[in-house]
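Chemist: Pasting in a structure now, in structure tokens, and then I'll have a few things to ask.
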Amino acid sequence: MAPGHASKTIFVANIPYDVSEEQLANTFAEAGPVQNVEIKFDPQTGRSKGYAFVQFWDEGTALSAVRNLQEVPVNGRNLRVELSTDEPGPRRGGRGSRGGVPGHPGGPVGGPPGGAGGGGGSGGGAPPGAGGFRPPIHEDTPPRGFDQGYPPRDPIPTVVRIDLAAVPDGTPLPPGQNPTDSISKTLAAVSPGQMQDVMASMKSLITTNPEQARQLLSSKPQLAYALFQAMLLMNIVDPSVLHRIQPLPPVAPPPAAYAPPPTQNAYPSYPPASSVPPPANYPPYPPANAVPPPSGAGYRPPPTQGYNAPPPAGYGAPPAGYSTPAPPAPVGGMSSLPPSAQQALATLPKDQQDMLLQVLQLTPDQINALDATQKASIMQLRQQFLGAAA
DNA sequence: GTTGAGCGTT
């Protein structure tokens, strides 16, 4: 396969503190396609440590970089470039790095527009060549067909654009269903893979085109709701954030009484890769699992960090601090709820009152017995009602 | 100013 002894990674020192990874990548792209750049930061001060590791796709290019970019001036300092010796960890194939690297201080970089396009969108980019530069030591074969890595020039991330007008409005609610039910059911029918695709697409859009993302989410609240619930389901977001997000004033109950725009139910599926065409090449940052050959960049959601531990005692009761009568007596009606929750309930039709009461009075055991989708819905309902009492 | 991280477990 490959001459497996020399390192594909070079060690770069004497980097000015204000140089960004993109800048470095740009500089080293002179030698050939760059796979990854990691400036090391002091976790305490957040400042660059002045050195970095630049990884190429092959050893030849790395050697070439060492020879050709030795002492090149960058922002007034001459870089020192060597082949890297040590590997970061026992893992050779990929380390999930970048954990907790603080933001670059004064650097021009905002951050990697990470997120591979959803489902198989692969930008067909011509492989960056070492155009015009002194040739590598060996006639190394320039990698072909790579669709990621740092482009030699043009560090500007590809902006994802979507056709907002092409996003379906959704379909009318079936009789007897409320929007949140409908969204939950729809989500339940979405495969995890699809969900990840959607998340990845949305992430790309948000990072490269926040304005359009805002427009999309504002104009399609059901999408925003579904995405958020999906994040709960995928453990991307901890349910505790629901405590902090309470922009649901008087109209607390999402159930009836509130009819959002032409709402969903079975929307065909969020425009995945088709309407999110990655125009040309791909994000500069293959965070970790960068695979050279095909476009295999997969979005990996954060490892499930179990949040399933419910508060120890009295989870079914309002948090401490409520001035509820707090009768330890068995639940029998609204009286076990905070006053404001009772008020909110009172605005609902009888049948929904009953249903909500049941939901709000489920025991932890009962909740745990439900499937993930229902669990998330119920937890949210509970937050809306019980939390609104604060 | 000079060689890199550690969640939680297949």
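The backbone N, Cα and C atoms fix where each Cβ goes, glycine too.
TrEMBL entries are annotated by machine, without manual review.
The structure displayed is predicted, hence computed values, not measured ones.
TrEMBL lists these features:
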DOMAIN    A:8-86  domain 'RRM'
REGION    A:77-156  region 'Disordered'
COMPBIAS  A:96-132  compositional bias 'Gly residues'
COMPBIAS  A:256-313  compositional bias 'Pro residues'
REGION    A:256-337  region 'Disordered'
COMPBIAS  A:314-324  compositional bias 'Low complexity'
Chemist: Count the residues of the domain 'RRM' (A:8-86) that DSSP assigns to helix (H, G, I), to strand (E, B) and to coil, and report the three numbers in that order.
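Modeler: Summed by class, the stretch gives 18 helix, 30 strand, 31 coil.
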Chemist: For the domain 'RRM' (A:8-86), what's the model's average pLDDT?
Modeler: 94
